[in-house]
Amino acid sequence: MVVNTVHWFRKGLRLHDNPSLRDSIQGAHTVRCVYILDPWFAGSSNVGISRWRFLLQCLEDLDASLRKLNSRLFVIRGQPTDVFPRLFKEWNITRLSYEYDSEPFGKERDAAIKKLANEAGVEVIVRISHTLYDLDKIIEMNGGQSPLTYKRFQTLISRMEAVETPAETITAEVMGPCTTPVSEDHDEKFGVPSLEELGFDTEGLSSAVWPGGETEALTRLERHLERKAWVANFERPRMNANSLLASPTGLSPYLRFGCLSCRLFYFKLTDLYRKVKKNSSPPLSLYGQLLWREFFYTAATNNPRFDKMEGNPICVQIPWDKNPEALAKWAEGRTGFPWIDAIMTQLRQEGWIHHLARHAVACFLTRGDLWISWEEGMKVFEELLLDADWSVNAGSWMWLSCSSFFQQFFHCYCPVGFGRRTDPNGDYIRRYLPVLRGFPAKYIYDPWNAPESVQKAAKCIIGVHYPKPMVHHAEASRLNIERMKQIYQQLSCYRGLGLLATVPSNPNGNGENSTTLKGFQTGDVTKEITAPSGYQMPPTSQGEWHSRTMVYSQGDHQTSMPPQGFANSSSTMCYRQDSQQISGPAVQPEEYVEEFEEEQEEMNEEEEEAAEEEVEEEVEEEEEEEEAAEEKEEDEQEAEEDTKPKPKMFVPNIIPPKLPDGEKVDFDDLHRKRVEKDFNELQSLIESHFSTRQKEEDELVALKNRIERRRADRAEQQRIRAERDRERQARLAEERARREEEAAKLRAEEDARKKKILSNKGYGGYLQKVDQKKGKRLTEREKKTKCLMERRKPLNIDHLNQEKLGEKALDLWKWLTQLHAEKFDLGEKLKRQKYDINVLRNRVSDHQRGAKTTKSTRKSWK
């Protein structure tokens, strides 16, 4: 039977330590290595151009390595559920292999592909090579639940089998007679696409600081292992000016994309340590980055909501603010704090920042200053960060925001003091913020405090060329710490357990907590309920801040190295174990007691070490010299006192109790009975706790039912009241309409009466007088007036509104005024004419009288 194999590359983009590819090649006649570019993923806004460039470089390097083996990489675009059924038929595939993916959506996708393969009769080979351990076995050892504390995780992996040896590298000898059918147009059909083909604008894109690919990863690993002194004198990595820049030995992006095997890295470190330390066993802290990676993978593998706050059973539901403008300023490096802006600028340009720099910007965005949800910051990191891993990225953001895993919320990173201690000269700021290059080191981290003359000399005016600080750090951090304190106090009140971390009463000034501890007292903690054996009891189900599966324990605390991409701070982290682990048969009560006591001692030691480190950071050089002199004097005094003879301690004689003669005491039986008694007390306490919790749940259900009934009654009352209001409003509306109708009728009648009165004036009244004189003889004037009245037509004013009616009345008034004026003029003219007529008449009469007199005189003369 001909065996045609397809190996599906996803994360493990390498040929070394690839057991799934190795096993699929054995006995196969042909092999094709494919990488599927999901079109939805290719267009995702959550993947930046830097990550895409790194991925394409990894694929190009993998294709070049396969060419040396007379094979090629087949890059196919599409969704896996659509691509594989077609490939199974076209290439007559009989075997499919891929690396195990522990992420929830990866497991769901692989289950769908495996179902399609089984339906097509294709054999499926799956091997674990992206993690050191089998995560499912870790969860199985923990009673079916993911361990939520790093201490518990270390305990579990210490009981597991040793890490498997890396698989041999795929070479020509391993390939054997297996071949890869390659067509002439392979590059056109299955070649690695460019950034331009994926729709990215590469204009102005800087050169890659982190070249992708397996070849570069192995080269960096060799450089990394050349630092034998670092391995021999291993300690927790500290931050300095040089570590802020990308290192040629950095490996995190290559571990994320699988260009470098974590198991190969693990065994290389082990071999080198044993050679340097002469076959001594290396400490677990040497593998801190790898183990933190495994821890977050384990915590997230069965939690599909691990990257969300809502619906995430291990995340505290904190009411974060929604401020898109502030989020944009943070993501684009426009906060006004040079330390924060330089870090975000480096992240956007190079795709990588130091793990403590990630602490600083994450704390600034969430619980430190801006009080914005960690989900928003996680999305920005997912877009820009080359080594952004789904599980590690989400877990680290929950940790830094005190949403899970970590509760020392009173530790905040100062955006001024933290950077100044790391790089006092400010070269890092000048490298990524050239606008501040002219500022002296004294003001490079707080340029807003520089005098105006210094700003002008630096050619950068704060508020003009560089933004002012978007928040007041001291006030914002103090307010946010108070908010976190209230949230955890509320959570403790609901749970009935001591979830609130102890807040020191003497704040330090080292920048991490320089302005955020005023007003807090050491006793501001809630009481803790513990079982007689020292194990923390599970919480009740009441409360809205946590989901039911979120249970913390004061016993487990963070130690050793920080997770990949995020480093541990100097404070001690306390949180609870999962409640379902109480009844686990793997651990006895005596082990809980011992583990609890050891953890308490380690926690106290780490708190003392953290306090000493904080004091050492904030004390100046002169004070250190004085302290050194004082310590020297004290040592000399102690040495002198040690040489003096010491008085013997008085020890009273202790008389043992007398036992009856002949009676034999079985101490083993006493010890067994004492253990049984403690165990019975623990069991009774657990049973009483669960009974109490059941009563509380019943009370809560009864309360909810009573609330629902009250709501129903209130809703019915409100419905009746609303119906009455509607009826009353309807009656009022009817009464109002009736009154308006009556008022309209009265106005119409009044208008008609007024019109009638107005029409009766003038000529209308004269016609009535004329009608009354019917049968009588009319004068000429009355005849003319009657004729004019009959010829006069009534005014058509019914269609005019108030404004038009006013204009019409004004015209009539002007016309009437004109008529009166003409009447007056005609009257005056009539009077003048009458006067002239009378004068003429008088003259005529005088003339006639004179003529008569003359005539009579003449007659008398005759």
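Note that Cβ sites are derived from N, Cα and C of the backbone, with glycine treated the same way.
Not measured: the values here are computed from a predicted model.
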Next on the checklist: Can you identify, from 712-736, 737-761, 837-861, the stretch that TrEMBL calls region 'Disordered'?
Outcome noted: 712-736
Item to check | Chain-internal residues, separated by at least six, CB under 8 A from Trp397 (site 'Electron transfer via tryptophanyl radical') | outcome: Ala362, Thr366, Trp374, Glu375, Gly377, Met378, Phe381, Ser403
Checklist entry - Hey, how far is Gln289 (FAD binding site) from Trp320 (site 'Electron transfer via tryptophanyl radical'), Cα to Cα, in Å? => result 30
Item to check | Cβ packing number for Leu291 (FAD binding site), 10 Å threshold | outcome: 23
Item to check | binding-site residues (Asp387, Asp389), the one with most neighbouring Cβ atoms at 10 Å | outcome: Asp389
Item to check | Greatest C-beta neighbour count within 10 angstroms, which of the recorded sites Trp320, Trp374 | outcome: Trp374
Next on the checklist: I need the least crowded one of these binding-site residues (Gln289, Arg293, Phe295), counting other C-beta atoms within 10 angstroms of each C-beta.
Outcome noted: Gln289
Checklist entry - What's the CA to CA span in angstrom from Asp387 (FAD binding site) over to Trp320 (site 'Electron transfer via tryptophanyl radical')? => result 26
